[in-house]
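Database features (TrEMBL):
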DOMAIN    218-272  domain 'DUF2179'
TRANSMEM  12-29  transmembrane segment
TRANSMEM  41-64  transmembrane segment
TRANSMEM  76-98  transmembrane segment
TRANSMEM  104-123  transmembrane segment
Amino acid sequence: MSRFQIIREYTGVLLGTAVVAAAFQMFLIPNQIAAGGISGLGVILFHLLGLPMGITIFLLNLPLFLLSAKLFGWKFIVRGLFGAVSLSLMVELLVFLPRVTEDLLLASLYGGILMGVGIALVFGARGSTGGTVLAAQVLNKLFGFTMGQSLLSVDFLVVTLAGIVFNLELAMYALISLFVTSRVIDLVQEGISNSKATLIISSHTEAITERILRDLDRGATILTGKGAYTKEDRDMVLTVVSQSEVPRLKNIVHEVDERAFVIVGNAQDVLGEGFRPGPES
C-alpha cells in the first residue's frame, strides 16, 4: 500500500469521526438520544454523571481494545484504536457546535443521518471506531454469537438502559436514530444505484448484442441456458445499463425480436468501466 493511500485512509477516518462527533453535539447529546452502542452509553453517562462525552467513549472502549488485543493481536486493532481516539478527540473539539433542534423526531432523524454518513466514511477508509463492532467481535469469539446477534444484543441493552435512565419515549427515538443510521451506512457504502441488470432471452442474441454495443455503447455477455419446458438450449444476453437507457434498450430488443423475453432488475452496485470504479487494493 502506497504512502499516499495510507494518508488518504487515515484522513478519511478523521473526516468520518468529525461527522459522527457533529451528530452527537448538534442532535443526539442535547436531546438525550442514546442510539445504541458504546457512544450511546456515553450519552447516558454524560447526562447521568456529567462525565465528558469524548473521554467517556475512550474509557469505555479501552477494555474492549485490551481484550481484543489479547484475543486477536495488536495488529488487528490498530486502525480501530486510531478511530476510537479520533472520535473521542473530535467529540471534545466540536463541543462548541450548537443544538440545532429541540424536536426529538428531527433530532433522531438528522442525528441518525449524520451518524450514518460519518460511520460509512470511516468504514470506507477501512477504519473503525471500536465500540459496538468491537464488542460484537469479542462476543463472537468468546461465546460463539453471530455478529448480527452480538450487534443486536449490545444495541438493545443500551437502548433499554436509555429507557430506564431517561424515559420510554426517548428510547423509542433512539431506536429510530439507530435504524436511520444503519440504512444510511448501507446507502453510502453501496451507493444509490440507478443501474439496471437486464437479461434478454431470444433466438436473435447476436443481432441484439450488436445493437447494444453500437447504439448504447454498453458491454454485453452472451450466456447459454436451457428451457425447463422445451429442454432446448437457448442463448441469453446479459447487460447492465443506466435507468435512462432502459427504454432505448427495450426498443432495440423489440425491433430485433418482438417475441424476446426481457427481465429488468435493479443492480445494487456496479463496478467497472462505464460505471463506478472498483476499490483500490
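One is the number of the first residue shown, and numbering goes on along the chain from there.
Even glycines carry a Cβ here, placed using N, Cα and C.
Beyond the ends of the transmembrane segment (104-123), by six or more residues, the same chain brings 12-13, 15-24, 26-28, 30-31, 33, 35, 83, 129, 169-170, 173-174, 176-185, 187-189 to within a C-beta distance below 8 angstroms of the stretch. Taking DSSP states H, G and I as helix and E and B as strand, the domain 'DUF2179' (218-272) has 14 helix, 23 strand, 18 coil. Mean pLDDT for the domain 'DUF2179' (218-272) in the predicted structure: 86. Within the same chain, residues 35, 39, 43, 46, 53-54, 79, 82-83, 86-87, 90-91, 93-95, 97-101, 106-108, 110-115, 117-125, 127, 129, 177 sit at least 6 positions outside the transmembrane segment (12-29) and bring their C-beta atoms closer than 8 Å to a C-beta of that stretch.
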